[in-house]
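Heads up, the thing below is written out as structure tokens.
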């Protein structure tokens, strides 16, 4: 049965693109909160990213519960559930890249666009060849943290006060899940890369995975320190989080790029 699904993976990816297109219209119809004074597209974009993270977080955890053998074999072992998860996320990344392109946001979000191109290349290559699906699923463990990372961004855009209980709770969960989810995923992938057998990867796939993982290691290290510093080492309390102040510089590149690893 799984083989039949593999033959029509394009249909699943396309269905995901349609889903996020409809979701985009729905989110736009609700609009941003009154406290947000920026570009409505930015609010919509982060809201959709947050929803994608929410779906993925539940889905990716269920993959390892339903297919525990995937823990030991990231190259060949996978299930229909994990295969469809990767198709779903591939549809999201495709939609998000096209959304950035159509709305002419490439100049201000070039790092996100570049990240998406690399992710799309890896995901499309592996899905089409039914190869390394486990790697993609492990990379999507980062979406558990992205729930709190994007939640933080949305609260900052809405100018929620730092002393707010919801913000503080989110901040704690955010700083915990960065090393637990992002760190675990990256470490897991590094181990698989280092101990990989020669016949498990093509040179192209191995180097693409190696370079991407190296970049994401640096980005996520910066991300963890910046989030920890801004949310727990700052002395000022009760200050509103303005989308234009220095606090918004959570290393936007690191916050926006959370796919392979969003690669939040």
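Cβ from N, Cα, C; glycine included.
If you check TrEMBL, you get these features:
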type: TRANSMEM; residues: 6-28; note: transmembrane segment
type: DOMAIN; residues: 38-238; note: domain 'TLC'
type: TRANSMEM; residues: 49-68; note: transmembrane segment
type: TRANSMEM; residues: 80-102; note: transmembrane segment
type: TRANSMEM; residues: 133-150; note: transmembrane segment
type: TRANSMEM; residues: 171-194; note: transmembrane segment
type: TRANSMEM; residues: 206-228; note: transmembrane segment
Contact call for the transmembrane segment (6-28) and the transmembrane segment (80-102): at least 3 Cβ pairs under 8 Å, seq gap 6+: yes
Chain residues outside the transmembrane segment (80-102) and at least six past its termini with a C-beta under 8 angstroms from it: 1-2, 5-6, 9, 12-17, 19-21, 24, 45, 48-49, 52, 55-56, 59-60, 62-63, 66-67, 70, 109, 112-113, 116-117, 119-120, 123-124, 126-127, 130, 133-134, 136-137, 140, 143, 259, 262
Confidence summary (mean pLDDT) of the domain 'TLC' (38-238): 89
